[in-house]
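Visitor: Once you've had a glance at the structure underneath, I'll fire off some questions.
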Amino acid sequence: MIENEDEIVQEEEEGTELELEALYRRYCVRLKHALFVSALCVTLLCTLVLLCAVCVLHSQELSTQVTSITSLSVISFILLSVLALALLPAAGEWETFALTGSVLVTISLGAGTLMATHHAPLPLFALILMVHTMMPIARSIALVMATALTLAYIALAVGLGPRGQEDQFYQQLICELALLLSASGIGLYYRALTERAHRKTFAGTRTCLEQRVKLECEREQQESLLLSVIPAYIAAEHCDFTVP
């Protein structure tokens, strides 16, 4: 009989553990979704500002900026579409949307950045940080996407070839590679620290709730014990005096 009770208690504890873990995952998903929406808003604003700047600065020669205007317009449309879907009430729970939206945004921004070629390292640095820290995807997927962006830029730079002074070109390429790798390193480090902080915060909240439930159980046991020993009206008076 005692063994059966122990098994029931153990099953209840395991069920509680699963519920708390599911609650923690839901909390992380919502937090990452909020970061993703913020990143989309900032990126969309920057893209629109850049598009307006190109149109204003080259108003006399727009025909020479067709490629830039077209690429910025396409990127803006993609960002706006993903943002509109991300703002839907149930979008935070869609794992497929999180992955698809993240990949689509990364490809569009990466392609647009790589078109700048020699000016691409700094925007790619920001994009890789965004992939690691602000997109609702797993760490392994983020690492694969960041690696693909880095390799794509290196392949493009080598494919275009150095224009004289090869030693200087390869030294610069090594520095740019170090910059992009550092973006991945910083992103992974920040993500690990953030996840650890969230886990500690959740564990602290969980401990407070468990202590509160434990106190409530002990209070109910004391009241049951009082009711079994002394009359109910005397126990009620006693509880009124003892319980704040």
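Glycine is treated like the rest: Cβ placed from N, Cα and C.
For reference, TrEMBL lists these features for the protein:
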{"type": "DOMAIN", "residues": "19-237", "note": "domain 'Adenylate cyclase N-terminal'"}
{"type": "TRANSMEM", "residues": "34-57", "note": "transmembrane segment"}
{"type": "TRANSMEM", "residues": "69-91", "note": "transmembrane segment"}
{"type": "TRANSMEM", "residues": "137-157", "note": "transmembrane segment"}
{"type": "TRANSMEM", "residues": "169-190", "note": "transmembrane segment"}
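Each of these features: where is it, how hidden is it, and who are its neighbours?
Guide: Looking just at the domain 'Adenylate cyclase N-terminal' (19-237), the mean pLDDT is 82.
Long-range contacts of the transmembrane segment (34-57) within its own chain (CB-CB distance under 8 A, at least 6 residues past either end) are made by residues 65, 68-69, 72-73, 75-76, 79-80, 82-83, 86-87, 98, 101-102, 105, 109, 130, 133-136.
Nonlocal intrachain contacts for the transmembrane segment (69-91), taken as residues 6+ away from its ends with a CB within less than 8 angstroms of a stretch CB, comprise 33, 36-37, 40-41, 43-44, 47-48, 50-51, 54-55, 62, 97, 101, 104-105, 108-109, 111-112, 115.
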Visitor: Let me spell it out: take the transmembrane segment (137-157), skip the flanking residues so only those 6+ beyond its ends count, and list any with a Cβ under 8 Å from a Cβ in it.
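Guide: Sequence-remote neighbours of the transmembrane segment (137-157) are 98-99, 102-103, 106, 110, 114, 117, 120-121, 124, 127-128, 131, 173, 176-177, 180-181, 183-184, 187-188, 191.
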